[in-house]
Amino acid sequence: TRDSPYPYLPCMELVLVLASLMFVVGSFCFLPGPWEDIRLGDILFILGSFIYLGKSVISIRELCGTHGSHVLKVGEHGADFFENVCYFVACIVFTAGCVLWWPGIYPDKHAHLTGQIIASWCFIVGSLGFVVASFCNAMLLSKSKMFRLIPGRSGEMVYTLAFTSLLFSQLGGVFFTTGSYMYRPGFNNHCERHIRQGWSEIAASNAKFDNVTVIISRLANEFNITAAAAEKLMPQTDWCIDVESYGTWLYIVGSCCYLVQSLLYYVIAILKERADGKYAKDGSSSSGDSDDESVMSNDNFDGSPMGPLEGDFRQFNK
């Protein structure tokens, strides 16, 4: 008998599902309305990022501990190593952006604007790190030998689920990157949420007036500004878009993609654990004749017995 190299794999994936749920709920906290709570949203994103950060540290430690200085010399291990390094760096940068976005920590408007600019670029760079990590995962999935090591039809199912999960991971990274770009303060306009709300209330109460001058005068009184400044706040077209809110919706969609991905990997973890248990119990001879033949026919196979979880072949993609 031998010990499973990852006895707590399903538990780890379940924790990552929890982190993805934090991203979903945290994204909704940034939407204007009764559910808006920027501080709570920030906290959830920071906690979720720390969970993914911890997963990357554990994976890097396992890889280096198992393969040492040779971790970069084998294609599969090198791709897995760089994937986790990308997630490690991306999580740190993304967490820094969450801290800088925290409301009420700046002494004046200039410092607040500077902080938001830096934070938005941290979000952009961190999200791009997630995209690069999914590219490394795609390189890892191209090595089909690891799936043929899984007995029976489990290998085919794991392979299909892993590629589906990769799709959702890439979509999540794209939505995060695009949404982060929309959080740049330079996109703020007259449709900014608090101005839009005030304009909507005034427009509704003055719907009976056809004279635009009256509406501008009322708007100036409400905001305690000049008529010229009030006129600049009026929408110039029929479409009034709050870019930051659209960025939040992209974050919501991206978070849902990561949630689906983490759920798929939880299923993969269960399948791998069961396959590894079967291998440990029955040995390589009971894995199925067809699977043994496919493994032995692989030019890169060295003939040594190998379980489906041997090495870091989990294809984590967070």
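Even glycines carry a Cβ here, placed using N, Cα and C.
Those TrEMBL annotations? Automatic predictions, nothing curated.
If you look up TrEMBL, you'll see 12-31 (among others) marked as transmembrane segment.
If you look up TrEMBL, you'll see 15-60 (among others) marked as domain 'YrhK'. DSSP places the residues of the domain 'YrhK' (15-60) in helix, strand and coil in these numbers: 37 helix, 0 strand, 9 coil.
Positions annotated as transmembrane segment by TrEMBL: 43-64 (among others). Remote same-chain partners of the transmembrane segment (43-64), defined as residues 6 or more beyond its termini with a Cβ less than 8 Å from a stretch Cβ, comprise 5, 12, 15-16, 18-20, 22-23, 25-26, 29, 71, 77, 80-81, 84-85, 87-88, 91-92, 94-95, 98-99, 312, 314, 316, 318.
According to TrEMBL, the domain 'YrhK' annotation covers 81-135 (among others). According to DSSP, the secondary structure content of the domain 'YrhK' (81-135) in residues is 47 helix, 0 strand, 8 coil.
Under the heading transmembrane segment, TrEMBL lists 85-105 (among others).
Among the features that TrEMBL reports, transmembrane segment is placed at 117-140 (among others).
The annotation transmembrane segment is assigned in TrEMBL to 161-183 (among others).
According to TrEMBL, the transmembrane segment annotation covers 249-271 (among others).
According to TrEMBL, the region 'Disordered' annotation covers 278-318.
Taking the domain 'YrhK' (15-60) as a whole, pLDDT averages 93 in the prediction.
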